[in-house]
């Protein structure tokens, strides 16, 4: 089977094919060879958004055509035996005590024989919750084995296991032993589906809808294929032609597919700087503007000091020089206990004084 395995992994899926097209191809191949590998099915269908009814329909089609499902490592349809290494941490992944305890705990659960699976499935059909729990517990290590393959895609190892367990529960609820498939074969699809869906929903900082993730994956496949064919990066127009999309839509999808970069990303050989240090704050004052503003404040204070206390305070309130809030003549009049007209007169006199060349020349340079 190893030769076939290599051939399968080297095959390029036409990115323009629909879900039904890919399913038909798989069924045709299964008819010729009498079986399909579970890994091949997962690889071909992983980029499509498939609901439970569609997947059950596909399994029914395989059963109707007498196509058996096998493991890629072993073309016989025997029970899958997980190695002790399947319960170890993935390379480069540190696990904490709760995860270590969980892996140790599920390692103590005995695996089921094919006959035991059938007996439990029969009891589950009768609504036996204990049988449902037993079937799920016996396959928890299968979830760990599959979750390890998705490490490094934006989710923690424990989160991958938890999502896979949700898929396992769904498989337990939907498993039909009458179709002739082993439970592990049936459950593997649902575990993979749950994990890949979670990665699409949760792994990104900015969530992208699953249907858009499928479109992005399709675009990436087209992009890679064109890169091989053309020997260069394809233009949006070329990608759009293959996908039957306008170039502007391709650019929009490529923009959505971009991953955000943290402003705390280390920069430099010694990681002593961060990306945010080199990004301009367009809302902040430039150093020259800030310096000019401070000089203006100093000059204005000096000029105001040449007025009487009442004139200075009236201007400060009228123009909001202290707190940025301007006041009406009436509001200022209430502060000083005089009429609006009197405040207007005081203000006019103060402004005339400021317009005198001896004072105005000190502020004129700031008028440009």
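Including glycine, each Cβ sits where the backbone N, Cα and C put it.
Per Swiss-Prot, the features are as follows:
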type	residues	note
DNA_BIND	329-348	DNA-binding region
COMPBIAS	71-83	compositional bias 'Basic and acidic residues'
REGION	16-90	region 'Sigma-70 factor domain-1'
REGION	69-90	region 'Disordered'
REGION	135-205	region 'Sigma-70 factor domain-2'
REGION	214-291	region 'Sigma-70 factor domain-3'
REGION	303-356	region 'Sigma-70 factor domain-4'
MOTIF	159-162	motif 'Interaction with polymerase core subunit RpoC'
Original post:
Against which stretches of its own chain does the motif 'Interaction with polymerase core subunit RpoC' (159-162) lie, if we need a Cβ under 8 Å and a gap of at least six residues from its ends?
Top reply: 99, 102, 143-144, 147, 150-151, 195, 198, 202
Original post:
Under DSSP, the region 'Sigma-70 factor domain-3' (214-291) has how many residues in helix, strand and coil?
Top reply: 45 helix, 4 strand, 29 coil
